[in-house]
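Among the features that TrEMBL reports, region 'Disordered' is placed at 1-24. Feature annotation from TrEMBL assigns transmembrane segment to 64-87, 107-131, 143-161, 167-185, 197-219, 231-253, 274-296, 308-327, 339-358, 364-387, 399-421, 427-449. If you look up TrEMBL, you'll see 273-461 marked as domain 'Major facilitator superfamily (MFS) profile'.
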Amino acid sequence: MAGTAPYDHTPSLDSHQDPESKASSVLGQLAPVPYHDLTSSLGSFQDLESKNSNHDRPSIPTSLWAEGGFLGCLTLFGGFVGSFATMGQVTSFGTYQAWYAENQLSAYSPSAISWIGGLQLWVMMFSGGFIGRLFDAYGPTPLLASGTLIYTLSLMMTSLATRYYEFMIAQGFLLGLGAGLVYNPCIAASTARFRHFAGTSSGIVLGGSGAGGAVFPLLLQRLLGTVGFAWAVRIQGFIALACCIIATLTISSPLPKNKNTPWIDTKSFRDTKYMLVCLAYALICLGLFIPSTYIVQYAQAQGLSQNIGFDLLSIMNAANTVGRIVPGWFADKLGRFNLMIPSALLAGISCIALWLFAHDTATLAAFAVIYGLFAGATMGLDVAVTAQISPPENFGTRVGMSYAFMSIPSLVGGPIGGAIYTSQHGGYSGMIVFAAIFNLLGFVFLMAVKLMINRNIFVIV
């Protein structure tokens with residue numbers, strides 16, 4: 001039941017176990033346990049429907065196919081495609097930021113323009129709280145279908161926009177809402193089908209956003225010079241429509257529909273670990289999206305062309321794809337907290353060590369790769385970490401609530417960065433330090449939760 005006292009992922013290997021049993025227990029540490037099983041060892045996997053009748057011990061799936069089967073793998077494919085079209089577009093806002101600054105919205109400051117991208121993220125994430133409840137009650141298909149219509153409409157309206165408020169409505173509010181209705185079910189459905197391989201499955205789905213973030217800037221760069229802004233956005237809209245239709249037809253959830261789940265799980269507010277994890281996510285999001293929002297403009301400020309800036313954003317998002325997929329697989333082996341914590345730390349350090357001193361293409365490309373990898377890993381593991389400390393029956397609600405916590409920082413992070421830039425009269429150092437500090441603060445709170453689960457920092461968590 002929702003609100004049951006949280007379990008601790010503390011390993012408890014019996015010293016009298018035979019080696020084979022110990023090995024099985026160690027492997028069992030790598031996946032979330034049923035929320036109510038307080039006596040379980042760290043991550044002892046239990047299928048939601050059955051147990052091993054001989055030893056009262058659940059069998060551990062050895063592959064994605066063994067756990068999720070055909071429908072599970074089909075859900076991963078649809079989730080990757082849906083994430084490609086939605087979050088991939090959202091993380092590409094840096095291309096629009098640079099374009100608007102020189103064209104339709106040249107009279108506005110970078111901070112004002114970045115509110116459009118911030119509003120996208122806020123609506124997409126804040127709506128996750130409600131979408132998670134609807135996912136629990138009705139499953140993914142109705143959400144995906146309605147999101148496909150709203151998301152496509154938003155891009156078509158953006159292609160016609162000429163004024164600031166029109167961009168705020170079409171590309172800010174409507175695109176964020178449509179993206180949320182598609183993106184959130186992609187994440188929730190994949191993790192619902194893969195409890196043992198939660199890190200791998202969510203990493204694959206989230207990898208779609210990095211792939212989209214790599215493709216859309218390059219596509220927009222080519223189309224702007226050939227067909228103009230309006231048709232460039234419309235073509236991206238048609239691509240998004242096709243991807244979202246595929247996602248709607250392929251994504252499913254094995255969980256029974258539960259219309260009794262509360263819209264807000266108030267009992268989760270008393271779960272200290274969950275609340276600290278949400279706080280860590282929120283702090284990270286204050287700085288996480290600043291590099292992708294401003295790297296194109298930063299490149300131009302260093303004397304590089306806008307096309308090189310677009311290429312750097314694509315490189316960052318391509319590295320983000322790898323950072324979301326590969327660490328997810330390792331996280332299922334080595335522990336989800338164990339991978340997410342150093343990723344947040346290194347994402348922050350890379351801003352100080354590289355971006356702050358990057359004045360040429362090579363150094364900026366190195367920063368784009370390194371930051372993309374670790375920022376991708378940080379956000380690629382958030383759903384898996386939430387799953388690890390959440391009950392299965394209201395998982396969708398908890399994931400949605402965590403995204404709602406992240407929504408406000410995602411809304412204001414970019415504009416705060418732009419305001420710092422303006423206060424420095426075109427200087428970027430303050431913005432860069434700001435992004436680094438909040439990644440590092442997120443690292444501190446994630447480490448606190450890990451130590452609450454087990455004080456041995458070398459234990460798989």
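Glycine too: its Cβ is placed from the backbone N, Cα and C atoms.
Keep in mind that what you see is a predicted model, and the values were worked out from it rather than measured.
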Same-chain residues near the transmembrane segment (427-449), Cβ under 8 Å, at least 6 residues beyond its ends: 273, 276-277, 279-281, 283-288, 290-291, 294, 298, 301, 337, 340-341, 344-345, 347-349, 351-352, 355-356, 375, 378, 409, 413, 416-418, 420-421
Beyond the flanks of the transmembrane segment (231-253) by at least 6 residues, Cβ under 8 Å: 71, 74-75, 77-79, 81-82, 84-86, 89, 135, 139-141, 144-145, 147-148, 151-152, 155-156, 158-159, 182, 185-186, 188-190, 192-193, 216, 219-220, 223-224
Contact call for the transmembrane segment (107-131) against the transmembrane segment (197-219), three or more Cβ pairs under 8 Å: no
Positions on the same chain near the transmembrane segment (308-327), where near means CB under 8 A and six or more residues out: 88, 91-92, 94-95, 98, 199, 203-204, 206-215, 217-218, 220-221, 291-292, 295-300, 339, 343, 361, 364-365, 368-377, 379-381
Range from 143-161, 364-387, 399-421 with most C-beta pairs under 8 A to the transmembrane segment (167-185): 143-161
For the transmembrane segment (399-421), distant same-chain residues with Cβ under 8 A (at least six beyond the ends): 109-115, 117-119, 121-126, 128-133, 135, 184, 187-188, 191, 264-265, 268, 277-279, 281-290, 293-294, 382-383, 386-387, 390, 427-428, 430-431, 434-435, 438
Same-chain residue ranges lying at least 6 outside the transmembrane segment (364-387) that approach it to Cβ under 8 Å: 32, 187-188, 191, 195, 198-199, 202-203, 206-207, 210, 274, 277, 281, 284, 288, 291, 295, 298-299, 302, 304, 312-313, 315-328, 331-332, 336-337, 339-340, 343-344, 346-347, 350-351, 354-355, 358, 395, 398-399, 402, 439, 442
